[in-house]
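Student: After the structure tokens below, expect a handful of questions from me.
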Amino acid sequence: MKTSIASHLLEKVRAENPLVHNITNQVVTNFTANGLLALGASPVMANAKEEVAEMAQLADALVLNIGTLTKETVESMILAGQSANKKGIPVLLDPVGVGATTFRLKAAKQLLEQVNITVVRGNAAEIAHLLEVDGWESKGVDAKAANGDVSALVKQAAKTLQTVVVITGEVDVVSDGEDVLSIHNGHEWLTKVTGTGCLLTSVIGAFCAAGERPLHASAAALLFYGVAAEKAAQYTQNKGPGTFQMELLNALSHTTGNDVLTLGKIGRNVT
């Protein structure tokens, strides 16, 4: 995949202004909504089971995030997901901290069984826990350093889950079970602000709504987000994570298709 595809998709997202329905966690709701607005998409944050199926029918993409789960939230996610499947829009799953508790793992597997998921995005530990693969550690909802083969893991996950899988980290990787693409953009400051991964999943949702193959749409979103993070870090300089959060929102608005074309770094991995 070339960076020109990502550049084109960014412009298409901004032209079409897709409505992204988020059933997400309490910690990141505001940041996610503002990030989608900065990108050029439209967010809606509806989680009441009385309306989620109807809301999903209005949306162009649906994002399910298990960061602050309740039994009622899981019910809403299933209703919204099945409604989105009927409409034929992309559904994304962010299995935040899925290895932390039995409840989270059970909920994530329930969603994968009852909803046709287009893209799963998580860190390496989260994806490994979904597959019940040993050797990848987590701390609460965060990943710890590991020495495993992330490219092999993402390809295995995509095959097993029969969906596109994105693993984010120092290098981001995405696979559809056949190809593995790696994105070499981003900045360490992304790990210092809560919600940057959750927002990324919603950004991927906006790109998937643009109609490209989920593999390419996911890679394009990763390129855009990584370039925006690098630009935000330049403006942050020696300041703190609060400044970076603000500058990331600014960069999501100001990063152009030409920025992605010239600054994006993508490779194709052989596993």
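These residue numbers are counts, starting from 1, taken along the chain as shown.
Placement of Cβ uses the backbone N, Cα and C atoms for every residue, glycine included.
In case it helps, Swiss-Prot gives these features for our protein:
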BINDING   MET45, GLY195  substrate binding site
BINDING   ARG121, THR168  ATP binding site
Student: In Å, rounded, how far does the Cα of ARG121 (ATP binding site) sit from the Cα of GLY195 (substrate binding site)?
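Tutor: Cα-Cα, rounded: 13 Å.
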Student: Would you find the one among the binding-site residues MET45, ARG121, THR168, GLY195 whose Cβ has the most company, meaning other Cβ atoms within 10 Å?
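Tutor: The residue with the most neighbouring Cβ atoms within 10 Å is ARG121.
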Student: Using DSSP, would you call ARG121 (ATP binding site) helix, strand or coil?
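Tutor: In three-state terms, ARG121 (ATP binding site) counts as strand.
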